């Protein structure tokens, strides 16, 4: 007899069915018991003789065979009159660390993370990762339909992309290596290698000493690099197009997840593009908020999002024209606006989720810029090598997957959008 | 005017077209020149005035606008009468390190890897990664259709899965951490966390001191873990099903790539399952080959594949029933066959590409087994924690992506199936 998933029971023609899952709730009456079985896809009520349910404890994994019965009072309108019951996985606890089956999970986030495998059994907690999976799928589908190739580049690298700070070091057979902050150099190389348009979904590492709601030391970066572009506006168009596509997908695939989190997605996203200097002016005029030179701080991100929401009814805003001094050495200077680069950030509900821009593609210009930044071109030999052979104009961007998930679901902490977060303190589980 | 990709020119209704790409070949006659332009999708001949072609050098990136002309003598039967020509990316070399446009790439693998971005411009070299991308897509599609969830687990971990040898160490804010050899513990945890069936496509690390054609120190692992299984045969069925699906996909999507490599895929794969002890006996009887106790060496892998090819006309063979002593502490012992485990390897054309098996799911049994292996259960506290709450019977497997690609295309070195390989010596590019 084949196992049937809970979500498929309603439409199944079989009357005798076999289900598997975990014991979610036990409610014993005088002779019979109602037991809720939870599988990956949902929860069904099993009705059984009390002598069967006596051996059950919460969170055991079980198999049950029985007759499908329509019952308006049961959750989902269906229950199973269970005749056979098998315990598949025993439990070994005195008391569960927290309740899985309550309306709220009565444990702080740290405790949930300590018992991550157990906390994720709660459907609402696990739902975050259904949404996250749809995000990566939509990212991949959207880009592949535009002839992007998915690539895999090494995460153990010999040199730093951005100057060496805030990187984890690895002992590589006695040599000092690093964990990649981003696939920046490699994705550019792969554009030059003839793939033209590439993307990568892979871990990235930041040895930052921040321990906040929005920082992770290991996260998943959705990276894009695109050759033969006109300028950075093509990249913003691409990201805006992706976000619109993503929302259209999520509306279809994550209905029940959005219901759990009480989220409604807008029909159409049109993202304002505001030069950084103008954003500074808005922040000062409207909120009396001073910004750091050539940048925007966390408070500024929140305020500019508030402004854009009120003015344009949009949750997103592109900040553009960052100054040369605040961008990496590979950022393309804007020849018409001295001191500025053809770069941008994307702020989503007060949180930066993307940095992007056009890159320098001319070998001599890049070498000169590396020097201007006080770096040694010899340290970037393999990177520079690519630029000797007809590197086309190109640019790209990166989206932090956990941050995007966090903001779509209005979560409070980026760790909620990570199966097993790594932060300053946490290396386990 | 919108850019058109070379592969779309034939079916395009436009007569005036714009193409972009790299200068693949230049052939100058008295007044006109034939220039081959290569983009991501193919090569087209441009016919231009010699005064235009004079400024061109091999591997520059260019844009050309002109009229589409049918010409039987041109490659693909079409050429472009180029009227406008723009150089998009300059070149900075005296002599190319090797030819891109020859029939063979006249550079050894090491040199190709040193100039990886350039070597990949050769369509045949890049074709490997088109096949590789189809493999990961097929893996994902096949598993998702069977209700597997894609997960992302951390690669920086606090303890080792297999006992601590052969792992790279990371300085994690002053603490000693490791790069994960596999997501073994985490994928099991996620089965227990209610995802039931999970897969991951992510880097894995082995600090092995081997420097051979088949070893990489960083590789992409296609990992599967599946809950509520009967036994390990379900896992072999799953992998066999995947491989059949994969081949059906590749036959459709990679026709031209397989032509380049002269590969024909069999219509149907039925994989023999041979207990290890029986394989040992075959090797001894048929090839006078002795095997190491409880295992099979590289020569044995080649010979047993030869035997299976001759006997069953199959490129694959599952070796089963590995002894307890040669498998990790989490391998499920076979209660009916003392000393053996419910595990398997998959050998493909003489190379191991998969290790898999059923795992122990009972908390007490797992704890005892950890002790039997001379390890301390306290070191596995977070892993063991998962097993206290109704862990169902489960198992899984992992496929080395580069090895699978290598063998499908009959390549000689696993580095050919890696964009940017990491080995004992190579940390760059």
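Every residue, even glycine, has its Cβ placed from backbone N, Cα and C.
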Quick check: of B:257, B:259, B:264, B:352, which does TrEMBL put in the same ATP site as B:206, B:207, B:208, B:214, B:215, B:216, B:400, B:401, B:402, B:403?
B:352
Matching range for TrEMBL feature annotation, region 'Aspartate', among B:180-183, B:184-187, B:188-191:
B:184-187
Just checking, which of B:215, B:359, B:403 (binding-site residues) has the fewest C-beta atoms within 10 Å of its C-beta?
B:215
Return only the integer: C-alpha distance in Å from residue B:206 (L-aspartate binding site) to residue B:215 (ATP binding site).
9
How big is the gap, in Å, between the Cα of residue B:403 (ATP binding site) and that of residue B:355 (L-aspartate binding site), rounded to a whole number?
13
Could you measure between residue B:352 (ATP binding site) and residue B:359 (L-aspartate binding site) for me? Cα positions, answer in whole angstrom.
20
Any idea what the model's mean pLDDT is for the region 'Aspartate' (B:184-187)?
96
Three-class DSSP secondary structure - residue B:352 (ATP binding site):
strand
Tell me, by DSSP, whether residue B:208 (ATP binding site) is helix, strand or coil?
coil
Starting from the Cα of residue B:401 (ATP binding site), work out which of the recorded positions (B:75, B:355, B:359) are within 10 Å.
none
What is the Cβ neighbour count of residue B:208 (ATP binding site) at a 10 Å cut-off, with all protein chains included?
15
Integer Å distance between the CA atoms belonging to residue B:355 (L-aspartate binding site) and residue B:75 (site 'Important for tRNA non-discrimination'):
45
